[in-house]
């Protein structure tokens, strides 16, 4: 009894703290950031509190139910929001010096996933359930945790790239609008990109352009690093899942919908890395690939569960 | 910026004019302010350059280092493999000889590989959207010709292209094979030469080329050997030759992508072996009975050859299940004994769901269970074995039932006692009218009186659902998995290179990295801050040759 109330309390604390953090972020956005350093610090502290709350929540659930808290959709959603706050913590601790734009991505993601998990849609699943025989294995910890952490990192990186795309397309629309030329093609964007790069090195067109360029460069690099990390987790997750399947069911690849979509996600991000090797395609095109990857991750994680078929039916649910 | 264009400011460096000239035009981001010293060369050389910046262009960095290396023996690398073959005699022979090279060049084209990967992804997505393995009538109904999806997609598309068995259809397998050959071609032509480039450590002898790196800085009053020591402390491998320094870190990060591709090739080879050379089978065996492995296993492909172990006889000693307190099934176990052809017991093990039995290359998995028979005593006579039949209900819970006829068994409308069970724990009994009579557990041996008949449930005999498999490709696939995990982790490492040049009392430092571009400037600044400043007016001793 005490554990479930503790769980309740922790859930509510983390949810409210994250909403406060997001509110602070929006406020600082509208009040023009730099003056309000004090608020920024408190929002960072808020994210730390959230991290510890969600960790506490997961540990409580683990102790209470006796199995690692990753057996159904509700628990994996909580784990996903934990993954987001973990990414935030790691980047905060590693790069204390310069202000991190990453929290603008991780905090809303954490709150959305947690909000969805705790919302009325999934109330049936809040109780910790018992594990089916096939899930009683040490591999559960490694496979599912790696997959969910991989999803968290890839989602973060994808959102950064989407931000990059939005900024670039808005700039391109502005430039094209200024040139009175309404033909919209990606080659043009690339050309505009290169042109502004060239002009940048000799004279600044405007300080706003320079900062935007810096921002897109930073977003691009951050996105690349985080997606690399997520890709490693995803690879390890898929492969450990295959080994587990071989131990449990006798074959390491069954073309199950969830497995197939995980493989499709992996392929899309492999395409992303390959587009980056060729410098002509870098920048906008790779960001487009990543945006596709964002959608595909959601299909893989959620959409397949809605079907509720196949070997991965543990994660299924019905919307009622 | 101006020192870049003004050669007179770079003292003491023995650089032929040609190299310097090529330098300045590679970095052609300037407004052409003509310096008199440059006008001696005709401007035709400018045609070879594109507008490039020094940031974010990996190939450019490679080109710069290639052109600057003073050792003349640095040939063009990517064409080396292709052009080095001797010209064979005869034009036709030459064409035939060129053919594999041309094929290789086509296959290792990157956009082609990207297109193949997209195709594979798209086909897989389609494979999950279309229900697999159904009968043709199913597709006639689902994708009718009268009402095609998207205006053209009918069952004809599905069946001719093999989309009903997508993952073994020729289209899909063909694309996979093409991807595999592209992978091999790319590894051969692009990545292996990369190894040669990366391993060659090259000193940059001119300050201008150092300044053109992604990150560059100047340290006044410093010595290049101090820098070398600091870099060694930070984990770099440092090479010092005269006034110039070259250091690198994380070289494994450059080679790891090759490892990734090789691991993938290994996995594909193992998978092919699995698909063509394995045996599979499944069987449901009631407790107490046995079967021979060879009778159950069937081949999957043309490379499947049975082994001696196929003659083993498997005897199910006992099948039992564990339950949670709530009544749900927690685990099921089968106690198996294996006997060889002579009747000697060679193995005995209890299987459960995540714990298979391995013998002689064959693996037995516990995948399912069933209810074989119910053993009862009727009015003290027996025991009678009543076979239990599976009943279909909605959901994935199982239900089994059996029927004990009471009274006149020859009449057409025979009545009796029905017994239903969800698992082996408890049996629910119903009387002749179908009314609920009671629940009994097989262990209790408690009798139950129904319509004048005394029933004692003696035992619930379950049957074990076993899957058998032999797969020669598994070692290769597992090795590939391990290699892939490892090499993917290693390719996260960033290969950082640093060049430095002692120019009088100042040290000019430049560096670049291939992955961690965001953190590199910070790391460099941190390291450079540690280089001590030399307060004396002269640097009298020459830096020694220190090897990293």
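Glycine residues also receive a Cβ, built from the backbone N, Cα and C atoms like all the rest.
The structure displayed is predicted, hence computed values, not measured ones.
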According to TrEMBL, which listed range is transmembrane segment: A:198-221, A:222-245?
-> A:222-245
The annotated transmembrane segment range in TrEMBL, which must be one of A:142-167, A:168-193 = A:142-167
Given A:76-95, A:222-245, A:260-275, the one sharing the most C-beta pairs under 8 Å with the transmembrane segment (A:45-64) is A:76-95
In this predicted model, what is the average pLDDT of the domain 'Cytochrome c assembly protein' (A:70-312)?
-> 75
